[in-house]
Amino acid sequence: MDPSSKPLREIPGSYGIPFFQPIKDRLEYFYGTGGRDEYFRSRMQKYQSTVFRANMPPGPFVSSNPKVIVLLDAKSFPILFDVSKVEKKDLFTGTYMPSTKLTGGYRVLSYLDPSEPRHAQLKNLLFFMLKNSSNRVIPQFETTYTELFEGLEAELAKNGKAAFNDVGEQAAFRFLGRAYFNSNPEETKLGTSAPTLISSWVLFNLAPTLDLGLPWFLQEPLLHTFRLPAFLIKSTYNKLYDYFQSVATPVMEQAEKLGVPKDEAVHNILFAVCFNTFGGVKILFPNTLKWIGLAGENLHTQLAEEIRGAIKSYGDGNVTLEAIEQMPLTKSVVYESLRIEPPVPPQYGKAKSNFTIESHDATFEVKKGEMLFGYQPFATKDPKVFDRPEEYVPDRFVGDGEALLKYVWWSNGPETESPTVENKQCAGKDFVVLITRLFVIELFRRYDSFEIELGESPLGAAVTLTFLKRASI
């Protein structure tokens, strides 16, 4: 449909009676049949529109204004990345911002708008950290995930099954320490405590928007109505801070050159590694394992052949960037995992001025100051863009399918674009894609196939391995 021919439509939906309706909506969002997906789907069907007004949790008393304009289609969603039209200040977590007492008193990079001078300094610091670690990524990943798979094999041999998530989190943080700082955190004062420390600290940041599976009469007063006091987590946070302060010397020296005080740099490094990177991998690796596991042995055979063939022909028996580029199916299965189940479902942006947005069917007027909210799992399953959108299609992005990558937005921007100091796209976008490919590569270098069981988890999939078939060639 030509944009000029799309009818101008008033944004449907209402926010209801202040205070009472946001609480009612919060209860529906967390405890209604069908969960948050149904919260959005029912309204989309009611209003016959993928753009509508609604309240977003947490609401009272954590958030002063729960009102948002919801975007659920691939046409309207990208407005959230246009920083000329939307402001990104203090809305990383949505309609509320966690206390800066949880981040050393600083507004860390995720909460800064690109227009703020500190944004460019801190993002350049992360670019330096990524570049400085580039030569360590592949060898340290291989070392760490060989350790992981050896442990899983031993557990499987002993008990007939092996839970992936907890040991996977240990491996992920061990790898990040080795890759970024040339330091195995398990050989420091942290020991193996980092994943538990991080999860506790993240809970204090995100509690108002999390569903931990508790009964509503416990979860509502404890998590969703008032903020958890920051002082309760201070000693936990300080243990993480001390680790990064002790190992991140080259990054801190670069921070001073960029005009960022060392203390502020450490808090930002901690947030980037623990919240952004570890938090993403904690969800993404089990999800990827889940989808590939469910796809079955035929896909496993194809991946094993592609991966081993490329390593032999282009890497002289080793994993290299050149060899990885010759693995189109491997790349596609990672992108498809990121499409069908993006690790961070919500994105927000506040209108800088009056402007119009388009869905596939209509045009809508947005007023300055209104909050836009995109629920990514709907936008990346838009049936007007993707064939069989609800299915995991392993080769979706192979060949001509690469054209669809502009609709993959897990990184807070299109997969076809790159992070810069001028945008809010994830600084580690390419790093996360690379290590997820490496995860698939190490899996199929070692095994011909595997089988899994799935369980419940508040974040992502809980995966248990029930069978590992060692590589036959």
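Any Cβ shown, glycine's included, is placed from N, Cα and C.
For K88, H119, K123, K424, C426, the entry in Swiss-Prot reads heme b binding site, with the evidence type experimental evidence. DSSP assigns K123 (heme b binding site) to a helix in the three-state reduction.
For S199 ((13S)-hydroperoxy-(9Z,11E)-octadecadienoate binding site), applying a Cβ distance below 8 Å and a minimum sequence separation of six or more within one chain yields no residues. Residues annotated as (13S)-hydroperoxy-(9Z,11E)-octadecadienoate binding site in Swiss-Prot, with a large-scale study or a structure entry given as evidence: S199, K282.
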Cβ-Cβ distance under 8 Å, sequence separation of 6 or more, same chain as K88 (heme b binding site); the residues meeting this, in order, are L112, D113, P114, Y348, G349, K350, K424
Check each residue in the chain of K123 (heme b binding site) that is at least six apart in sequence and keep those whose C-beta is under 8 Å from its C-beta; list them in sequence order.
-> L109, P419, T420, V421, A427
What other residues of this chain sit with their CB within 8 A of the center of the CB atoms of K88, H119, K123, K424, C426, the recorded heme b site?
-> L109, S110, L112, P114, N412, P419, V421, N423, Q425, A427
When the binding-site residues H119, K282, K424 are compared by other Cβ atoms within 10 Å, fewest goes to H119
C426 (heme b binding site) to K282 ((13S)-hydroperoxy-(9Z,11E)-octadecadienoate binding site) - Cα separation in whole Å | 16
Between H119 (heme b binding site) and K282 ((13S)-hydroperoxy-(9Z,11E)-octadecadienoate binding site), what C-alpha distance do you get in Å?
-> 26
